[in-house]
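I have placed the structure first, in the form of structure tokens, so that the comments after it can refer back to it.
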Amino acid sequence: VTYKQPHIINGRTDVVTVTPWLAPIVWEGTFDTNILDAIYKPQNITVATTVFAMGKYIQFLKDFLETAEKYYMVGYRVRYFIFTDSPEEVPVVPLGADRSLTIITAPSLNRWQDISLGRMLRLEQLIESQLANEVEYIFSLDVDTKFHGHWGAETLDSLVAAVHHSFYNYPRDQFTYERRPKSQAYIPYGQGDYYYCAAMVGGQVEQVYKLVKTCRIQLDIDKANSIEAVWQEESHFNHYLLYNKPTKVLSPEYMWIDLYKQASVLKVIRYSHVLKKNNEVRPN
């Protein structure tokens, strides 16, 4: 197969495409799907994809799955794992070849913060019990989202994080990191790289396991010290990634929100949080 010659001079010059620690930042125009598929498809990889559809959030699952089947890791083996307290409400969505769905029943919780706080533990347990030797990559994605465009092998790497749609253009001292030294998620002013959105946790399964286990331990320490980080697991996620740099960073193309107009730097929106009224879907 003949590919178009890649360039080192002609490319995206309107955005930063590499981090200070030389990890690629993925934007439209920075990758060739044909080349990446030629690398990854012969590896016969499996991508686990976890979703937490708790309480009224189950209403978003159908759109998530239908759009994922259209755009997400098309042509690759995908195993969806749906955590839910309403297994009977999981919609029946036709899946493509080499794609499967497993429902994992989880108990209802009274606070949305507790759902957030418990995600790292459930991911840790799932990897330990099932996935460690069965999949190569894993993404944990929010259910109140949908895909709008291609999401493929360009997102695969050892440890992957997506820049948060609300902070991609802000100075770091305006990031909503946990600023209280008592918390294990503490990041002082003057430190930090990007603000990453915990709606997407991804990478090689062993690297994601290290991340979620570390975050779970730090969440437990905070709980024992009667402190809850300002953005629960997202605060601990950002703390972990400050000291364990992601090997690939996804641009806001991969983590937008329907509330915002498309920013001029975005040539495409691939994945976004859908519009919703939090007081109508959150338990508290």
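Glycine is treated like the rest: Cβ placed from N, Cα and C.
According to TrEMBL, the features are:
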- TYR57, ASP142, VAL143, ASP144: UDP-N-acetyl-alpha-D-galactosamine binding site (BINDING)
- ASP142, ASP144: Mn(2+) binding site (BINDING)
- GLU234: active site, nucleophile (ACT_SITE)
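Listed recorded positions: ASP142, GLU234; maximum Cβ neighbour count within 10 Å falls on GLU234. Within the same chain, residues at least 6 positions away in sequence whose Cβ sits under 8 Å from that of VAL143 (UDP-N-acetyl-alpha-D-galactosamine binding site) are VAL51, PHE52, ALA53, TYR57, ILE58, PHE60, LEU61, PHE64. Calculated from their C-alpha atoms, the gap between GLU234 (active site, nucleophile) and ASP142 (UDP-N-acetyl-alpha-D-galactosamine binding site) amounts to 12 Å. Largest Cα-Cα distance over the residues recorded as binding UDP-N-acetyl-alpha-D-galactosamine, namely TYR57, ASP142, VAL143, ASP144, equals 10 Å. Counted within 10 Å of its Cβ, the other Cβ atoms near ASP144 (UDP-N-acetyl-alpha-D-galactosamine binding site) come to 23, all protein chains included.
Within 10 Å of the C-beta of TYR57 (UDP-N-acetyl-alpha-D-galactosamine binding site) there are 23 other C-beta atoms, taking all protein chains into account.
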